[in-house]
């Protein structure tokens, strides 16, 4: 029984040791120096460090390989975008097709090997690959396949003057999409423990392949938006800005012309869904890469359940915002670019709508953060790659819209002439910065909160008094109830009492000990308490309403920029101050991150809603 004291013991082993040795003073044998060696001492850890060196090296090598693939692809994209000599679209499509085929081979090998060893026990990360996330990526994948079909139809219509790569690429992309969704449904939770070096290269190759496909989609969609933007600038009176269109229309006739025109317009309306699919797939694959060779504890993630009761207010306000968004976007797209008066009225309407919605979202986020601050609870700081990636993406992608907002603020302050609609742009830009700042605080604190049921069980266990050293009932009952086993450890009669978390075990059972215990708890400062109307289930309902409202509002704010409603392009003031090309570069770089932020925030808020 004393053999395992040199290494960290499991909670169950500690409980069993306590049961075996609870008959008397011999329950706690004398400790020798060798048996009391800390698990963090150099001797036991030396072998573990040596074993981890090859894996750390493989992680560094694979990440550098992925970055080199990504940089090469970005340079090809840039060369095609600026019409570099000798670099055409066919070269770019050949490179992307080769990357997809290589990923297809790796996924087929992995799926085949997993099927051959399907009876073996495999570790799973219960936090990764949630069902609702896989459902979302499936929906986006279906629309991506439809987009590929439209591209094939476009290629057939212009087959006389388009290279073969224009037809091969969408077919390969559709097959790649279908197999990747199947792969993510079956293996997104895997914690790979065999062929780890090879798997690291395969997964990181898949991550950066999807990122390059995302960048390609963003570039194609941005070119289309930029052409429309240049045409609208003339109606706003900015005639001194260059309006040379970047035309990539094939130099031949399409048959039938009406069908080809419809297909070309439909392709750009489906690009936002393709862009979201690629970035979601890359994030899920990145979590899979971070989980390779990871050691997980036995604690299982609490399954989240969707509950629709008690969120009438939040859902009603959110659906109202969604309906208003669709109406505003339709009116905006109809009026913008028709005339100077209609364009200015469309911009003022959009700014007023966005200011109102952002103020409501900021107030809701502040209320949620305030409830968390008043209801002090411990945070879950355990290692979780999926949760860490969520937090990093929230802050990282929010910087895109912050960049655009600060550019608009500086342009308004420095401009010599101020059209009437620009003064609505100032509060709008400030609120974009504040709202995302507040919302990030609310989401990050929500996903780091301990599960509600576990924290309530621990809080009810204030003081435990155990007579005659009989710690066995406490240990066994607490382990069975899902408590923290490390808080209850076997101790001898001479060991002083110790407080672990909220559990305080004492060996005396006199009245003086009880009074001393009560006085020590009474002297500790008490945290701020929630008001009476926010106690218990009422607090959860308020937080659910906030999460539901913010979820629908983020969906609402994703729709306008994704489908062409972009005042950052259309007001023209920033182009005058910063110059046309610098500001367009800023918007084209930052806008994809801003759009993705809204979708990622909506996904995180859905998880928060199910967790509350």
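Every residue, even glycine, has its Cβ placed from backbone N, Cα and C.
The feature transmembrane segment, as given by TrEMBL for the ranges 268-289, 378-399, 400-421, sits at 268-289. From the options 114-131, 168-185, 222-239, the stretch TrEMBL describes as transmembrane segment is 168-185. As a quick check, the transmembrane segment (268-289) and the transmembrane segment (132-156) clear the bar of 3 or more Cβ pairs under 8 A, pairs 6 or more apart, so the two touch.
Long-range neighbours of the transmembrane segment (346-372) within the same chain, counting only residues 6 or more positions beyond its ends whose Cβ lies under 8 Å from a Cβ of the stretch, are 317, 321, 324-325, 328, 331-332, 335-336, 420-421, 424-425, 427-428, 431-432, 434-435, 438-439, 441-442, 445-446, 449, 530, 534, 539, 542-543, 546-547, 549-550, 553, 556-557, 560, 565, 567, 570-571. The transmembrane segment (197-216) makes no contact with the transmembrane segment (132-156): fewer than 3 of their CB pairs lie within 8 A, with pairs spaced 6 or more apart in sequence. In summary, the transmembrane segment (92-111) does not lie against the transmembrane segment (132-156): fewer than three C-beta pairs, each 6 or more positions apart in sequence, are under 8 Å.
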